[in-house]
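One structure is given below, encoded as structure tokens.
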Amino acid sequence: MPALTYLLLAAIGASTVHSLPSQQSCNAPVTPSSFSSTSLDVVIVGGGTAGLVLASRLSESKKLQVGVIEGGYDRTNDPLIDVPNAANALGYQGAVFGNSTYDWEYTSVPQRGLGGRVLSYPSGKVLGGSSAINGLTIQRGSREDYDAWGNAFGNGPEWTFDALLPYFKRYERWHAPTLSATGDLNSDGLSAVHGTDGRISISYNNFFTGVDIPLTQAGIALGLGPTQNPDGGDDSLFPNFGASHSLDPATGNRSYAANGYYGQTERCRSNLHLLTGAVVTRIIWDKKKATKAVGVEYAVGNDKFTVKASKEVVLSAGSLRSPQILELSGVGNKTLLESLNIPVVVDIPQLGENLQEQFIAGTDFLVRDGVVTLDALGNNATFLAEQQNLYRTNKTGAFTYLSNVNAPTPIRSLVTEDQYKTMRAALDTYLASQTLTPLQIVQYNLVKQFLDGGKVATSSLLVVASGGLVSTPAAGQGYISVVSSPAHPLSRGNVHINTTDPLAYPLIDSAFLTNPWDAQATINVMKFVRRWVAKSDIIESPGTPPQAADEWSDDQWIAYLQSVLGTAHHPVGTAAMASQKLGGVVDPRFKVYGLKNVRIVDASVFPMHIGVAPSSTTYMLAEKAADAIKKDLNAY
């Protein structure tokens, strides 16, 4: 555990544990055996971001007996999850990532675009899934991103921004911002597009570090904002109020699927049954109707059990696990299944393909003396004591702080017009040399429209107000780490099984930088970052890479990118919601093509990345899926 994270927990951990109310089930404890004998209508595989939304909403109907199987355990009220700077660990390295109690600890296959590097793939191994360990960022993509779901991918008008907005608002309990980078606190536009009665709290920082206003104003001076309403369909440029997060301002704690959708009400429902610590190994099919699911098999340690589902099985195991479960059950690419001697139930060649993952590439900078960053929590005892007191008494201050400067930006705004024309011509040449799937043709045409239009965010800038992301910070110094990433990466990977062992992890190939656009675009963004932060007048000097990088060639920048690139932990797309002629896996009502009663409800159904962190969109689609399932089962 990093020293600073340990310091944070030592400062606030005990008080946090004892101050939080515990939640108790009103029902008898659920055991693997008792769950197996329960009569269920719907079995939800995965108690994560989407799965718990479904569990809560479906069990509102007394017509349904709902079961949830989650591989992790219930860790609500755990300070490593609840306190932002403990779980988030000041820049993506910390107490929950790489900790097998909280993280499945997936890894990629060696990445051919990164010289064979193997990357970690954190994924939440607790009730609430990755909503329990993510960076708490709440963002919506652009109107164009969601309109494409409905129009370009053949899902119809119910999958456009205006049609989806009510489902975004349904999950939200929005709190107006209290700070602004420009002094303008008019949030009427935001208020109009957010809900206030939902389950997940959304709020803004109540504390700014010494870098937030200068860096935002430097971006504005370069023509990149401000935007007053990034959630109304135009998500690009520097937001005036900073990034919004799933943080409850009343408690100073993370708001996530487990404490938002599995509270005391759900725990006391007699028609909602939750089993934790169990891994689903396969779907069980009707012997007479091979495409009809009648239940699932699950493992607890070395023991296996089955449970029946009289109506539906819903996979909410995430972009990396939902395809694995289907393949183990005989659904997927026929060639792969036959090579493993798995009887084929339905041949779906594109299941597990279309993996899209945003990556992060960091650069860090030493700030000038007197500029406060989160490094001061470890460097300045007076500042630490002040922030401890603020958190203990008001649940405010640095312990609730999350990255504030988060600017999805059109890359055309960050490079010269000549640079852009050269990049675009190279992209066209590369794509013309490739054999593309029908889905990829639609995706790449959309991204080219986004790029040329110069409005939709196609790159992303994120400031971590501390050092340590790229290199080890010097003692007593303050730093910032700036993350550059493609909002709509063009490299396409996949996730598949290579064994019939259901407890083995799938092979995850993100295929980072296999499309040259991703590398060229990112190094140009990193070059822009150096110009941008220098304009803010808070930087003493570049850290990593050093000042000499200003004279680097593109090849040197690409070598640096290959050495520092990491996953953003935003995998989507491996069971795309799209028409069958495009190679889609699920239909607009989340049903798997060719199967009678199996749905997928998680980020794997995104047909294309929406350019921002996927958690908000995942909550939204789960709310929408709950309505679809209730209607189809006549369970209102």
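Keep in mind that glycine also has a Cβ here, set from the backbone N, Cα and C atoms.
Sequence annotations record features per position, and here Swiss-Prot assigns active site, proton acceptor to H570. The annotation FAD binding site is assigned in Swiss-Prot to T49, A50, E70, G71, W104, N134, G135, L136, T137, V280, A603, P614, S615 on the grounds of similarity to another entry. Summarising the annotation, Swiss-Prot assigns N-linked glycosylation site to N99, N253, N333, N380, N394, N498. Positions annotated as signal peptide by Swiss-Prot: 1-19.
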Taking the Cβ of N333 (N-linked glycosylation site) as the centre, how many other Cβ atoms fall within a 10 Å radius?
19
Measuring Cα to Cα, how many angstrom lie between N498 (N-linked glycosylation site) and G135 (FAD binding site)?
31
Between the Cα atoms of S615 (FAD binding site) and N99 (N-linked glycosylation site), find the distance and write it as a whole number of Å.
21
CA pair the residue listed as 'active site, proton acceptor' / T137 (FAD binding site), Å rounded to integer, equals 11
Pairwise CA distance, N99 (N-linked glycosylation site) versus G135 (FAD binding site), rounded so that it is a whole Å
16
Residue from N253, N333, N380, N394 whose C-alpha is spatially nearest that of E70 (FAD binding site), among the glycosylation sites:
N253
Should one count Cβ atoms within 10 Å of each candidate's Cβ, the recorded positions E70, N99, G135 would be headed by E70
Taking only the Cα atoms, work out how far N333 (N-linked glycosylation site) lies from T137 (FAD binding site), in Å, as a whole number.
35
The rounded CA-CA distance in Å from T137 (FAD binding site) to N253 (N-linked glycosylation site) is 14
Distance from N380 (N-linked glycosylation site) back to A603 (FAD binding site), taken between C-alpha atoms, in Å:
41
Per DSSP (three-state), A603 (FAD binding site) is helix
Taking the recorded positions one at a time (T137, N380, N394, S615), which has its Cβ surrounded by the most other Cβ atoms within 10 Å?
S615
